[in-house]
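Supplied in structure tokens, the structure appears directly below.
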Amino acid sequence: MEDFVRQCFNPMIVELAEKTMKEYGENPKIETNKFAAICTHMEVCFMYSDFHFINERGESIIVEPGDSNALLKHRFEIIEGRDRNMAWTVVNSICNTTGVGKPRFLPDLYDYKEDRFIEIGVTRREIHIYYLEKANKIKSEETHIHIFSFTGEEMATKADYTLDEESRARIKTRLFTIRQEMASRGLWDSFRQSERGEETIEERFEITGTMRRLADQSLPPNFSSLDNFRAYVDGFEPNGYIEGKLSQMSREVNARIEPFLKTTPRPLRLPCGPPCFQRSKFLLMDALKLNIEDPSHEGEGIPLYDAVRCMKTFFGWKEPTIVKPHEKGINSNYLLAWKQVLAEIQDIEDEKKIPRIKNMKKTSPLKWALGENMAPEKVDFDDCKDVSDLKQYDSDEPEFRSLASWIQNEFNKACELTDSSWLELDEIGEDVAPIEHIASMRRNYFTAEVSHCRATEYIMKGVYINTALLNASCAAMDDFQLIPMISKCRTKEGRRKTNLYGFIIKGRSHLRNDTDVVNFVSMEFSLTDPRLEPHKWEKYCILEIGDMVLRTAIGQVARPMFLYVRTNGTSKIKMKWGMEMRRCLLQSLQQIESMIEAESSVKEKDMTKEFFENKSETWPIGESPKGVEEGSIGKVCRTLLAKSVFNCLYASPQLEGFSAESRKLLLIVQALRDNLEPGTFDLGGLYESIEECLINDPWVLLNASWFNSFLTHALR
């Protein structure tokens, strides 16, 4: 390293560095990494000052070498490199003549143009950490900090970089060259790892006692102490590690990096086949509600009481008929199941006191619909291991499905506003700190934008259904319990409203493991004629059960009312997450918050109010075949919420895989847009891992279609 320093740096810089080290009692021949660091730092300080002058009008100008600068004043006073006494004399003189406050530590430069001292930092570590250490040590707003790293990054106080871009680029290029030269001689790793943080009293603390013992116990295998582990992590060079591993692998492994250009990516291949079908646990845009306003009946709040009252508001019941059969099911059983529900609700009404819960009679149509006695008998393995042809039963490969337009319509509908408010967030109490005030202000603005959103209705509906079903599954394991599908909201005038969407009948539910399945039959009201999009309703048997009179601009119109019936299933873990669907509100609020934070850091003040109240500004919402769609901040809030809700409603392994794998391609494309010249290897393998998730799930297929739109417009 010493030889490298003497070859690489100007002899004057080497001499100054040696003098500085001797002044502090350090030996350049022993502490060679420190020797190199001091030379680098001095060279950066001199380059910072080079060619910068102040003319007779007090303007900062750049004079290239060879041009006349005899009458010009140097813009920067160099303090770094002087002996301590002389350096402090210069600093005191500057303070006396300019009135600038005296710094606690010796700075590196003084800027006569901006009238401030400058502390220059050159780091081999993470630039933000080094900057914070410097700021912690100096603790002065008078001294301007400017940090350079060997990777071409820089950071300065208030993002004020003092010099023009070309001067800074010269410094960065020189640092990069030093790094390359060191690396070619095998000196870089040792030099990089030798840097210590800025030592300040506040940071010099030891982990001792119980915490130390816990830290030593919590290490990965093969590490004896926390210090060993820290040393390993600090010295870990991921690229070198990966290259080393690759070199140990077979010769057939080809990891040649290919440049990723605008012409490189191709669209994702979406599967062909019949159109995909609706697979959510309850109806979304097609749901119909029977409701009561300002409920005040006896037992109000008890689901069965509320359901009976809602059923009484409808007078158009008629003899049910099948209008769209289920291809593989015994449709008459679904019809009989609905008739049984109607009859048993009538029985409830005839009783003097309505029961709190209703268990259905175990009729043969219900037993069939709920899969009673259909599960294969479990046999102990020891009893059958001698069977010669023992094998796992064959399972069919999933059938490929194509994207259908209904899922985009569902998403659009979820982003819309309804005429009711679905959110009643509890009061959290008075704010006691400024940050709490900002947080509640953001929460209130966000709540105002999404409380009437249809996606919020889906959240409340999902929470109710999953909670009721999980409770019933645990409390009445053997019963076919009737569970009303209910939600509550407030009208624009503030009146309370109770809504009934239909009913669920729960099957046997001895759920020992999280993934054990409970079957249920859902029966949901709707005005949607299933014959318009029969492919959407593949899994349903649909009955016509009545006529509903609707008020329209041209008078009253009678529309047929349908009942969408299907057998479905869920598990404890799915119900547990369904009960926590309110998390979607938090997730989308955090996404909005990060947008506000980005805006606030640019403007250096909190922009929450302006962000939500500037109605004229539009924001990007998403990609469509037409290009980037834009909308108000409210539309952005509702779109982000709807995406989060659909991720919950359509959760699946296909979605998990697609999200994880497509994110990699997205990051590469974004790097290309940011002119970072990304390189890739095995791009075909990445496409394969994305496309193997595109099978039949409607939400995944829609996301893949959006991704293709993004690729088209991002790479124009």
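Backbone N, Cα and C atoms are what each Cβ position is placed from, and that goes for glycine too.
Annotated Mn(2+) 1 binding site per Swiss-Prot: HIS41, ASP108, GLU119, ILE120, in sequence order, evidence recorded as sequence analysis. Here Swiss-Prot flags GLU80, ASP108 as Mn(2+) 2 binding site, drawing on sequence analysis. If you look up Swiss-Prot, you'll see 124-139 marked as motif 'Nuclear localization signal 1 (NLS1)'. According to Swiss-Prot, the motif 'Nuclear localization signal 2 (NLS2)' annotation covers 184-247, on the basis of similarity to another entry.
A description of the local structural setting of each listed feature is requested, covering burial, neighbours and distances.
ASP108 (Mn(2+) 1 binding site) falls within neither a helix nor a strand when secondary structure is assigned with DSSP, and so counts as coil. Cβ environment of ASP108 (Mn(2+) 1 binding site): HIS41, CYS45, ILE78, ILE79, GLU80, ILE118, GLU119, ILE120 lie under 8 Å away, each six or more residues apart in the same chain.
Note: the motif 'Nuclear localization signal 1 (NLS1)' (124-139) comprises 12 helix, 0 strand, 4 coil (DSSP; helix = H, G, I, strand = E, B).
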Within 8 Å of the centroid of the Cβ atoms of HIS41, ASP108, GLU119, ILE120, which other residues of that chain place their own Cβ, given that this set defines the recorded Mn(2+) 1 site?
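Everything else in range on the chain: VAL44, CYS45, GLU80, PRO107, LEU109, ILE118, GLY121, VAL122, HIS146.
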Quick check: in three-state DSSP terms, what is ILE120 (Mn(2+) 1 binding site)?
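Where ILE120 (Mn(2+) 1 binding site) sits, the three-state DSSP reduction gives strand.
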Taking the Cβ of GLU119 (Mn(2+) 1 binding site) as the centre, how many other Cβ atoms fall within a 10 Å radius?
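Summing over all protein chains shown, GLU119 (Mn(2+) 1 binding site) has 22 other Cβ atoms within 10 Å.
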